[in-house]
Amino acid sequence: MSSPAIGQPPIPPTPTDANISGKTVIVTGGNSGLGYEAARQFLTLGASRMILACRSIARGQEAASALRAHPTVKETNPNAVIDAFELDLDDYYSGLCFSNRVNAEVKELDILLNNGGQVVMGYEKSKSGHERSMQVNCYTHLLISLELFPLLRSTSAARGVPSRITFTGSATQIMQNTLSKQPISSESTVLGHFDDEANFNKLYRYADSKTVVNAYVRRLAALAPSEVIVNNACPGLVQTGIDKNLPFYLKLPMGLLRKSTGRTVEEGARTLIYVAVVAGTETNGKFLQHNQVDPLASTYTFAFPCYMERRPPECFSVSLEHGSKAQESLLAWNTSILRSFHGGGSAWRNTFNLALTI
């Protein structure tokens, strides 16, 4: 067992009675860091099928091979099926293709861990035309969550227990977001606000993206609370490579800080296993730190959560292009989306409606 991180509460071992035998798990960003370690721990708990969603299919396949060969997996779960599916979080179209493949090839889905993410220190546009860190950390994850929601619900109905959607969040959302000082104006949209380069702050955009994730979680959690538990957890300061894009004058001190006080990847991943496997319905719609629900995350009074609750669906509409100049709109809690959850089928075939309630 790894030693506890200095200055951070220790994360206890996953309970010995935690078991997900026969279950299917998807981990985005599953080829490295927290995603890879979370996948390993899911497998040691008995997951029968693991899907690593990775931008590079080659690196995903390498990670899948490494997991199959890992001593703990070979000992506890040698017959697990481990696959790598391509998913570029920078691109809505890739998210749609990934979701279509899962819906076509996967009959049951018990856990979706939305873990993939990055820190971007300069203003960049995604392949879908939005600010990159928001696209990667938020928007595409919400797309696949909604696309796979019917499958998660049907799996819950078949098993008689809730399925799970867990997001890797961050406590930076509490103190380092820009929205408390610079609220989204009533004339703007969420996409418009974060796409505006004038609103980009390289030191705080990661925190902003995690604030948006937390708001998504609160909304998604209301869709089918008895069937799909949706939650969000901060793994703490962890010894990963997420700082790779930082400038050298920040990368060096952050590296020293992570090395001296950060949790090991094994311990950090246990926080994700806790919310995705162990924690119950009391965590639906909640943000957790150190395996405890953080009450502040659901009682924020600054602009963004309030904005989310009052904005009509049409305020989150945007034109996208991919190949043909088709219009693809992001509409909040569109009734066709809600209907698709109940009636089966997808609302995204020609144009997709992303239920953001924003």
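The backbone N, Cα and C atoms fix where each Cβ goes, glycine too.
Record features (Swiss-Prot):
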- 1-22: region 'Disordered' (REGION)
- LEU34, ASP88, ASN115, TYR206, LYS210, VAL238, THR240: NADP(+) binding site (BINDING)
- TYR206: active site, proton donor (ACT_SITE)
- LYS210: active site, lowers pKa of active site Tyr (ACT_SITE)
Fewest other C-beta atoms within 10 angstroms, as judged across LEU34, VAL238, which are the binding-site residues: VAL238
Residue among binding-site residues ASP88, ASN115, LYS210 with least C-beta crowding, 10 angstrom cut-off: ASP88
TYR206 (NADP(+) binding site), number of other Cβ atoms within 10 Å: 23
For ASP88 (NADP(+) binding site), the three-state class that DSSP assigns: coil
